[in-house]
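Annotated domain 'Amidase' per TrEMBL: B:24-467, in sequence order. Here TrEMBL flags B:K79, B:S154 as active site, charge relay system. Here TrEMBL flags B:S178 as active site, acyl-ester intermediate.
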Amino acid sequence: MISKEEVKDIAQIAKLKFDDDELESFTEKFSLVLDFVHHINVVDTDGVEPCYGIGDENGFFKEYEKEQTLDREEVLKNTTESEYGYFKILKVVE
Amino acid sequence: MDITNLKSWELRDKILNKEISSYEVTEAFLEKIDEVEDEINAFITIDADRALEKAKQFDQKLMEGEEIGILAGLPIAIKDNIMTRNLRTTCASKMLEKYIPPYNATVVEKITREDGIILGKTNMDEFAMGGSTETSYFGPTRNPKNKSFVPGGSSGGSAAAIAAQESALSLGTDTGGSIRQPASYCGVVGIKPTYGLVSRYGVVPMSNSLDQVGVFGKDVKDAYIALKSIVGYDPLDATSSKKAKLEDIKFEEISLKGLKIALPKEYDELRVEGDQEIREVFKKSLKVFEDNGATIEYVSLPYLKYALETYYLISTAEVSTNLSRFDGIRYGHRALDYNTLDELYINSRTEGFGEETKRRIMMGTYALSQGYKDEHYKKALKLRTLIKNDYDRVFRNFDIILSITSPILPFPFDSVINSPVDMYKADTYTVPVNLAGLCAMSVPMGEVDGLPVGLQITANRFEEKKLFTAAYGFERSAK
């Protein structure tokens, strides 16, 4: 069983937050999910290569060419705040 | 006559023979949407005006004798995690409630080039995580076969749109069963193609190594037309394959004679409570194959038993990294209340994501965290190799594998959703296919208690032709 403190620690890494009243029910369901995935620990996988993806074709380098890029105005339409053609956030360096 | 009853291949013939125009077809489906959408909720966004305009342009093109694409003016609905330029794309999340993509996914470009008419964007589980479409920020979709039940998920809107005759064809995405399971629950055909057959460029990623775009149709030939329109190598997607092609298929020449079918005996150990009646329908379906000259043998895939756990570790690890792009800055929901940059991230993400999405981000973060990474994530990747090897061995001697699509029937709202592990178990038969990058299709095989159940046909990578052979042979004979 995972503790509420551990859940809070993981949430911090994931940039999420749980209120105290949410935390109880989340921790409970989260524990069930973790118990469930632990089943695979019984399998002996010594010497087996990990499979990161299925494709067996080698990657390749693209020719360097200037490709069409997205329109700046259109891209900025999806942000909350922009200024002088840039995304605007709060000041992080004094 | 209600033309929304017709199969897409029938409508296509009528459009090409000029018996009916694409405009009339599009109008008929839009009328159907008006009529049933309040109850079904298959769509998040409907793009009626633009669809009619495009249909008109297509009819003009046909009149002038120009070359016509395979979709020939057929209406098609697109799952809302596939980017459509200037048309809102939400992933059914509050996070992207107002997101207007500045570009099209490659599949959307292809559909346009092949003369498909995009009707709108379909409902789904938030960020494609779920098996019931109940985690959508825009409310659940209802199963057209029985409105008290879920349509399955995550591509529940795309499946329901076909079953309710709101669209001729639709696109979905499938990471662990998100096309096949809703196809089964709504009584339509759904295909998850081989990994790399269809471009993922412009598709909001959930788990890169497992996600694949696929299609829904009323029957096997409908699904073939839809799939044919989107396959192909795409230099914009590094995981798309140069082998990506779908051969022409002569459906009238299809025969099941000599087809070699494998049945994994491990499925008998993976039974869940209440699957007895679904298995009875499955047995009858096997008989259809045998009666038509196919041979069936039991095989062993010993690592199948661990597929579900393996899937949830790998997919959530990829989910947690993929969804870290949502920072509230460049696009997506931004919290109003924050004092530091960290608070901006945390508050925006906490407000923007729903419960299941958070659970999977948390699980992936945990699986990848220092101290657990080898025990969980690495272990799962090794199991993925073993599962893939199992399939490779079977496909050396067999054409297809048959199973049920889902071990449970469509369920009522607000039931299974409260138990995440039970919801995950509904994916028992579908997730191994994604882990091994294979292709699979769900075709209707009958009903239990008045609810549709699907037969899952699986074939080796890039063997879609065998899927169509088996599925069409079955569909034709089972009638």
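Placement of Cβ uses the backbone N, Cα and C atoms for every residue, glycine included.
Features recorded in TrEMBL, as mapped to the structure shown.
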| residue | record | CB count, 10 Å |
| --- | --- | --- |
| B:K79 | active site, charge relay system | 32 |
| B:S154 | active site, charge relay system | 34 |
| B:S178 | active site, acyl-ester intermediate | 36 |
| message | What whole-number Å value do you get for the CA-CA distance of B:S154 (active site, charge relay system) and B:S178 (active site, acyl-ester intermediate)? | response | 5
| said: Cα-Cα, whole number of Å: B:S178 (active site, acyl-ester intermediate) versus B:K79 (active site, charge relay system)? | reply: 11
| Taking DSSP three-state, what's B:K79 (active site, charge relay system) in: helix, strand or coil? | strand
| task | Looking only at the domain 'Amidase' (B:24-467), report the model's average pLDDT. | result | 96
